[in-house]
Amino acid sequence: MAITDWPIEERPREKLLNRGAHALSDAELLAIFLRTGVKGKSAVDLARELLAYFGGLRPLLEASQQDFCQAQGLGNAKFSQLQAVLEMSRRHLAAALEQKTSLTSTTAVKQFVSAQLRHRQSEVFALILLNTQNQLIKFVELFNGTIDSASVYPREVVKTALSHNAAAVILAHNHPSGIAEPSEPDKAITKRLQQALQLVDIRTLDHLVVGDTEAVSFAERGWI
């Protein structure tokens, strides 16, 4: 049955307008993004099949261009639209963070860092640079690859912080394995960076390790 034959209140677009996006299922939200189905399938039917094919909404959103475009009903145009939506979401979080008078909420910082790093396929080490009022100056990605004491250079971290006149920093990196629990090398490099930054009077407020479903805070663990 075509969606146009459904009761008006059950059609995804009308349901969203009347009840809010939160009231829709993953399949209904995806159907609105798809706009149309394929021969013999409504947009909602196609959306359900795609969610089953990818294993859920998140794997679909994080799929590579090649994997995404191989699925029925998808292609480069939809992939481009999706990437634009995801990037707007990340920029929205960044803008919201910039507007805060100070970054005193670990939850807000976790949400921002997770949006930036959780989807990355390789490890990325980044800095959140803050001024004397703990306001955001800039989010900077510094290193890519295996993050350990041999690949993260304290000199580059200090240089970047000084070049932006940062008074404090929050360290962040992701674990592509999906497990956010910090490793011993994570703890070792945090200590090295904290010591290097102290030499130039720059405070290290936290180190966040991002996994699939959570971000672990060194500060909350009492390690900083």
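Positions of Cβ are set from backbone N, Cα and C atoms, glycine also.
Fair warning: this is a prediction, and the values are worked out from it, not measured in the lab.
Copied over from Swiss-Prot, here are the features:
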DOMAIN    102-224  domain 'MPN'
BINDING   His173, His175, Asp186  Zn(2+) binding site
MOTIF     173-186  motif 'JAMM motif'
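Overlay of Swiss-Prot feature records on the structure.
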residue: His173; record: Zn(2+) binding site; Cβ within 10 Å: 25
residue: His175; record: Zn(2+) binding site; Cβ within 10 Å: 21
residue: Asp186; record: Zn(2+) binding site; Cβ within 10 Å: 22
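Under the DSSP three-state reduction, Asp186 (Zn(2+) binding site) is assigned to helix.
In this model, the motif 'JAMM motif' (173-186) carries an average pLDDT of 92.
In the three-state DSSP reading, His173 (Zn(2+) binding site) counts as strand. Shown for the domain 'MPN' (102-224): DSSP residue counts in helix, strand and coil, namely 41 helix, 34 strand, 48 coil.
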